[in-house]
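**Student:** Below is a structure I'd like to ask you about.
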Protein chains: 2
Amino acid sequence: MPVRLDAQDPRFAEGFEGLLHAKRETSEDVQALVAGVIDAVRKRGDAALIDYTARWDRQTLTPATLRISQEEVDAAVGQCGGDLLRALDTAAERIESFHRLQVPETTDYRDAQGVRLGARWTAVGAAGLYVPGGTASYPSSVLMNALPAKVAGVERIVMVVPTPDGAINPLVLAAAKRCGITEIYRIGGAQAVAALAYGTETIAAVDKIVGPGNAFVAAAKRLVYGTVGIDSIAGPSEILVVADNRNDPAWIAMDLLSQAEHDTSAQSILITDDPAFADAVAAAVDRHLETLPRAAIAGESWREHGGIIVVRDLLAESPALIDRLAPEHLELAVEDPDALAAKVRNAGAIFLGRYTPEAIGDYVAGPNHVLPTARSARFSSGLNVLDFMKRTTFVACDAESVKAIGPAAVTLARSEGLDAHALSVALRLPGGGQG
Amino acid sequence: MPVRLDAQDPRFAEGFEGLLHAKRETSEDVQALVAGVIDAVRKRGDAALIDYTARWDRQTLTPATLRISQEEVDAAVGQCGGDLLRALDTAAERIESFHRLQVPETTDYRDAQGVRLGARWTAVGAAGLYVPGGTASYPSSVLMNALPAKVAGVERIVMVVPTPDGAINPLVLAAAKRCGITEIYRIGGAQAVAALAYGTETIAAVDKIVGPGNAFVAAAKRLVYGTVGIDSIAGPSEILVVADNRNDPAWIAMDLLSQAEHDTSAQSILITDDPAFADAVAAAVDRHLETLPRAAIAGESWREHGGIIVVRDLLAESPALIDRLAPEHLELAVEDPDALAAKVRNAGAIFLGRYTPEAIGDYVAGPNHVLPTARSARFSSGLNVLDFMKRTTFVACDAESVKAIGPAAVTLARSEGLDAHALSVALRLPGGGQG
């Protein structure tokens with residue numbers, strides 16, 4: 001049974017802490033193995049990639065067949081139904097147009113002292129996108145990871161996707177094609193991350209690696225961080241639904257299950273102000289679980305990690321709870337969702353109102369579905385265009401403006417005992433170096 | 001002697017690779033020790049902090065004296081000369097006004113399908129600023145780390161600074177006061193990072209930790225990452241100066257030394273198109289080293305890690321070299337620095353023209369001096385206001401707009417085998433759940 005808490009209960013704080021800090025992730029210790037794989041790829045390049053792929057994906061490759069050809073991609077697209085391709089296209093268009101609004105502008109101005117100042121943004125040179133194989137191979141993830149890079153202007157986007165026993169989801173290749181990705185390698189695991197980070201004879205290194213993966217992929221990304229940039233390491237998915245009793249309990253129950261079905265470690269929590277509505281949602285969850293294909297996963301997630309919190313006043317009490325939970329997804333199924341959203345600080349993405357199920361955001365709404373998990377919405381953001389760009393500031397002084405601001409720099413540098421700093425400014429002042 | 005390379009030399013590529021990949025950082029393996037310290041602070045809170053501070057800083061503290069009082073801060077400010085305080089104020093004003101331009105705006109719009117979409121930025125709730133003790137205790141770093149947080153609107157900014165044997169740089173406290181920081185603790189090392197990340201009886205946990213530190217501090221930041229956000233872990237400082245022969249060699253030499261004096265692991269590189277000018281700069285470096293107070297450090301850095309690269313055509317050849325080096329600081333002391341800057345992709349900060357020594361940016365120019373090192377300018381940016389904010393996207397559908405975009409979500413969710421996702425949308429469509 002999911003945890004049920006009443007905010008009026010004297011032991012509520014304790015129960016809430018339990019919900020907050022329950023360890024859901026099973027941390028496999030794969031670091032040593034992964035370090036060995038990375039080392040092998042650095043030393044032996046393609047040969048190591050080919051060996052690991054034979055061992056783990058049961059695929060015999062050569063340097064020439066590491067890459068998935070354009071013909072294979074086109075054949076895969078041909079296998080997808082028209083409805084599916086149209087849905088993919090709708091999603092891609094909406095994601096792209098939302099992300100296009102995130103492209104930052106250059107600033108460039110001269111201040112009152114005559115100093116020219118500014119900052120410009122440039123795209124990362126090359127980005128690598130990891131796409132899992134098997135059942136977790138989601139075309140929607142390809143769109144969500146690749147389109148921000150494309151909108152950012154990344155010139156080279158490389159995709160890696162393992163094809164265990166030769167199997168690949170054709171819609172994943174269709175999604176890659178829709179994003180304009182032409183460089184795709186049939187490799188996965190830590191070895192694929194190592195190839196992207198360090199390069200091999202066939203695969204040139206990239207500057208940044210993004211995309212979801214299993215424990216091996218996550219460990220590899222941690223280990224190559226610094227050599228390349230990485231996105232955040234995603235934990236199990238989470239949803240927090242705040243709902244009054246004017247919702248259909250069946251809708252809210254399905255929203256809770258839509259996260260629960262991802263993974264037995266996922267967490268779905270409901271906050272409501274009506275104990276009877278809480279009961280109705282709990283009953284609707286049980287009813288849905290009778291027919292849902294992924295009921296085994298969703299049911300375990302709900303029983304082990306789910307929660308129902310009853311408060312008196314949603315607008316007054318839930319913001320503090322939301323901010324502490326800092327949920328990846330926050331659904332506000334209340335009469336005035338804006339009033340509640342305005343009081344919230346920490347959430348990855350907010351779904352406003354009764355007609356905005358979280359799943360609409362997983363596919364077609366437009367905002368990214370790669371969002372901060374495990375309370376990291378307190379300090380981090382969902383994947384976006386800025387993750388594929390970097391900011392270079394610039395300064396230009398002339399003989400006059402360095403005279404205006406230089407003396408303060410000289411004073412501070414001297415006080416810090418950094419005389420070469422002080423002198424490099426002082427040399428440019430009248431009286432050079434004696435100033 | 002610094003490495004000298006000629007781009008015409010057939011072995012140039014090899015020499016350049018050496019410069020690019022030379023390991024400058026001495027990596028002390030302090031991870032196990034640091035993990036023990038963090039664990040002790042999590043378990044024993046203030047008592048552990050007090051024990052470690054007694055052992056390593058030779059300071060006897062109580063929970064009541066962990067915090068530096070406002071009286072102590074005011075007394076420290078009283079010890080600083082008026083000139084110094086005025087220089088600090090000039091720096092703070094300029095840094096603050098540059099960073100104010102970085103505050104992002106909320107987007108909120110309705111698209112053609114009637115879906116309301118947007119993103120809003122909120123400040124991190126609480127930020128912790130680590131300030132090193134001893135000789136590396138730089139007031140300018142306090143300004144550079146604290147002011148972006150202040151401009152971002154962070155409500156609680158906490159500073160930790162070790163005071164070994166009771167010593168503290170009064171200007172560090174003056175800088176904290178100038179930034180409006182009132183919560184300051186006299187602790188340092190891994191124990192201070194642990195206290196900020198997990199909290200103790202006296203110190204409430206923060207959401208993000210920034211600021212430079214030694215190997216222990218860096219290891220602690222890596223270990224608490226995830227529980228809190230951190231800034232990037234800075235490596236040794238770097239400068240790349242691109243200069244034609246119309247510069248005063250003494251100026252360029254001092255600019256190279258201004259990074260070299262930081263640390264024996266720092267790296268200073270000159271790219272020029274005139275071998276005679278290269279000789280003149282090298283000679284000027286030697287001359288400066290005769291009188292520079294930190295000549296021992298700067299000299300070792302220059303001899304061990306410095307480099308001079310001679311090319312034929314600065315505008316044609318240097319951009320590719322710059323992008324591979326991806327320097328923290330890039331000084332363009334050439335006739336048309338804008339033309340060269342426009343061809344550069346990777347640099348933390350650019351200093352344009354002959355009158356803009358890098359050191360002006362360390363103190364008073366306005367842009368941040370916390371910048372990506374070790375080639376990470378390929379994928380990351382200097383510290384800025386966005387580092388203290390996070391972005392929450394939002395979506396709102398109504399019964400009409402979910403009808404417009406929902407069916408594509410249902411199609412994609414079904415193809416991914418995520419039926420609860422599909423149903424949570426379909427239930428809201430006409431014919432609910434049968435759609």
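Here the Cβ of each residue, glycine as well, is placed from N, Cα and C on the backbone.
From a predicted model like this one, the values you see are computed outputs, not experimental measurements.
Annotation comment: TrEMBL describes A:Y130, A:Q191, A:N214 as NAD(+) binding site. The substrate binding site annotation in TrEMBL covers A:S237, A:Q259, A:H262, A:H329, A:D362, A:E416, A:H421. The annotation Zn(2+) binding site is assigned in TrEMBL to A:Q259, A:H262, A:D362, A:H421. What TrEMBL lists as active site, proton acceptor is A:E328, A:H329.
Thinking about packing and proximity, how do these listed features fit into the structure?
**Tutor:** A sphere of 10 angstroms centred on the C-beta of A:N214 (NAD(+) binding site) encloses 16 other C-beta atoms.
Mapped onto three states, the DSSP output places A:E416 (substrate binding site) in coil.
DSSP classifies A:Q259 (substrate binding site) as helix under the three-state reduction. All protein chains included, A:Q259 (substrate binding site) registers 33 other Cβ atoms within 10 Å of its own Cβ.
Remark: A:E328 (active site, proton acceptor) has A:S237, A:E238, A:I239, A:A347, A:G348, A:A349, A:L371, A:P372, A:T373, A:A377 as non-local neighbours, by Cβ distance under 8 Å and separation of at least 6 in sequence.
Mapped onto three states, the DSSP output places A:H329 (substrate binding site) in strand.
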**Student:** For the binding-site residues listed here, A:Q191, A:S237, which shows the highest count of neighbouring CB atoms within 10 A?
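**Tutor:** Neighbour-count leader: A:Q191.
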**Student:** Cα of A:D362 (substrate binding site) to Cα of A:Q191 (NAD(+) binding site): how many Å, rounded?
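**Tutor:** Checking the Cα atoms of A:D362 (substrate binding site) and A:Q191 (NAD(+) binding site) gives a distance of 29 Å.
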**Student:** Nearest to A:Q191 (NAD(+) binding site) by Cα distance: which of the binding-site residues A:H262, A:H329, A:H421 is it?
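**Tutor:** Nearest listed residue in space: A:H262.
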**Student:** Based on DSSP, name the secondary structure state of A:S237 (substrate binding site): helix, strand or coil.
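**Tutor:** Assignment for A:S237 (substrate binding site) reads coil.
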**Student:** Once the chains shown are all counted, how many other Cβ atoms turn up within 10 Å of the Cβ of A:Y130 (NAD(+) binding site)?
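**Tutor:** Counting Cβ neighbours of A:Y130 (NAD(+) binding site) within 10 Å gives 28.
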**Student:** Fewest other CB within 10 angstroms, which one of the binding-site residues A:H262, A:H329?
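**Tutor:** Taking A:H262, A:H329 as the binding-site residues, the minimal 10 Å Cβ count falls on A:H262.
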**Student:** Give the number of CB atoms, excluding that of A:E416 (substrate binding site) itself, located within 10 Å of its CB.
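**Tutor:** There are 21 of them.
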**Student:** Counting only residues 6+ apart in the same chain, whose Cβ is under 8 Å from the Cβ of A:H421 (substrate binding site)?
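**Tutor:** Those within reach of A:H421 (substrate binding site), by Cβ under 8 Å and sequence separation of 6 or more, are A:A409, A:A413.
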**Student:** Have a look around A:D362 (substrate binding site) and count the other CB atoms within 10 A of its CB, chains all included.
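**Tutor:** Around A:D362 (substrate binding site), other Cβ atoms within 10 Å: 28.
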**Student:** For A:H262 (substrate binding site) and A:N214 (NAD(+) binding site), determine the Cα separation and express it in whole Å.
**Tutor:** 14
